[in-house]
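Structure, as structure tokens:
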Amino acid sequence: MLNIKWIRENKELFDEKLSQRFIEPMSSKIAMLDREKRKITSLIQEFQHARKVKSKILGNMASKSGEEFEGLQRDVKHINEKLEALEHDLNNNNELNELLNMFPNIPDEEVPYGMDESMNKLVRTYGETNPNALNKQHFELGIKLNLMDFEQTAKISGTRFVTLKGDLAKLERALINFMIDVHTKEWDFFEISPPVLVRDNAMYNAGQLPKFAEESFATTNGYRLIPTAEVSLVNMVADTIIPREKLPIRYVAYTPCFRSEAGSSGRDTRGMIRLHQFGKVELVSITTPEESTNEHEYITNASETILQKLNLPYRVMLLCTGDMGFAAKKTYDIEVWLPGQKQYREIASCSNCGDFQARRMKARYKEFGSNETTLVHTLNASGLPIGRTMVAILENYQNEDGSITIPDVLINYMGGLQKIIAYSE
């Protein structure tokens, strides 16, 4: 959520930043709603003060009867009626909060202006792409290996689900352990095993609700399946005041993730690129405003390390204003090279959310010996999605005979297996 005080003091800049997100100017409407809310709040405070004064006089009166006493009683009753009406108006006039909840984060100064991914800025590349490489797509390879099943899975769960078998299931497990080991041992992230069912307020805190309600799966009794472990991890500091010396806090978690893929009809309908259920290792950092820019580079580099160790070509893109996520003020996308598609595809997003999530969930820190609190900054990065990493391995490590060479760093995690070959039932 954006800071209403900042909007109040920076109306023109606010409208300018909204225009970069392709949203019409809204400062005038917000100012009007804000004035109305502040006027009601001011009246409530005045009436509360008047009630306190009159109640004190009533309490000190020697005689609890007579015209003066009864007149004061009538005044207090009238004040209570006024207060009840004003508090009702304040509690039921949610238009300002509803409007603020629909605004995305303000783009950082470094974020390029642009409408879509074609305007994203290349930051760096890693590894060489080979235009003459074998180019079967991952689902062709997986099906031929008899280790990736879509047809029978569709009978169980419908489309956008997959069943992995044998050595591909083992590769999935190996990748999870490998990624967690790298992030905990080399990058100082603390491993968490969080819940995947959360309440709506946790989704709201993370910026998923109310705007993206249709993109998640909801239960009938008030829970939602997480679309990313970011939701669970950032909420670990909700409604807390953290001592400054404990920052940064860095969490890593592997969880299954669930997305309805609303609005993705016709996109990536084959294979494992876009599924309703997928596994992902997620990174979250909690830090101070002064350190969040450096922490953004740190968490992005941690994510990149996985691809470097797997020797997978990739590039890092700075997203433009029109392509950034809702809660982010600045985002790097990491895109891995897929020979089967002959293009780079997103495998990770690494975002600095500033105090956007922290304001929603009241996550603060304070210096030693101080009573003043400041909102923390939250950051997140994929570190990485297991399915898309498997896609990249299958396509980049495929052999002429359809087998898949295991990347060197995964051989021990695979129990010494160096190659995945077709499974014969």
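Here, residue 1 is simply the first one shown, and the rest follow in order.
Backbone N, Cα and C define each Cβ position, glycine as well.
Classification of SER382 (L-serine binding site) by DSSP places it within a strand. Under the heading L-serine binding site, Swiss-Prot lists THR228, ALA229, GLU230, GLU282, SER382.
The ATP binding site annotation in Swiss-Prot covers ARG259, SER260, GLU261, GLU346, ILE347, ALA348, SER349. In the three-state DSSP assignment, the secondary structure recorded for ALA348 (ATP binding site) is strand. Long-range Cβ contacts of ALA348 (ATP binding site) within its own chain (separation 6+, distance under 8 Å): SER303, ASP333, ILE334, ALA381, SER382, GLY383, LEU384, PRO385.
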Using Cα coordinates, what distance in whole Å links GLU282 (L-serine binding site) and SER260 (ATP binding site)?
-> 19
Neighbourhood of ARG259 (ATP binding site), C-beta criterion under 8 angstroms, separation at least six = GLU215, SER216, PHE217, PRO227, HIS276
Specify all same-chain residues, apart from the site residues THR228, ALA229, GLU230, GLU282, SER382, whose Cβ lies within 8 angstroms of the center of the Cβ atoms of the L-serine site, ordered by sequence.
-> VAL231, LEU233, ALA253, THR255, CYS257, LYS280, VAL281, LEU283, VAL284, ASN380, ALA381, GLY383
SER260 (ATP binding site): which of the binding-site residues THR228, ALA229, GLU230 is the nearest Cα neighbour?
-> THR228
How far is it from SER349 (ATP binding site) to GLU230 (L-serine binding site), counting Cα to Cα, in Å?
-> 12
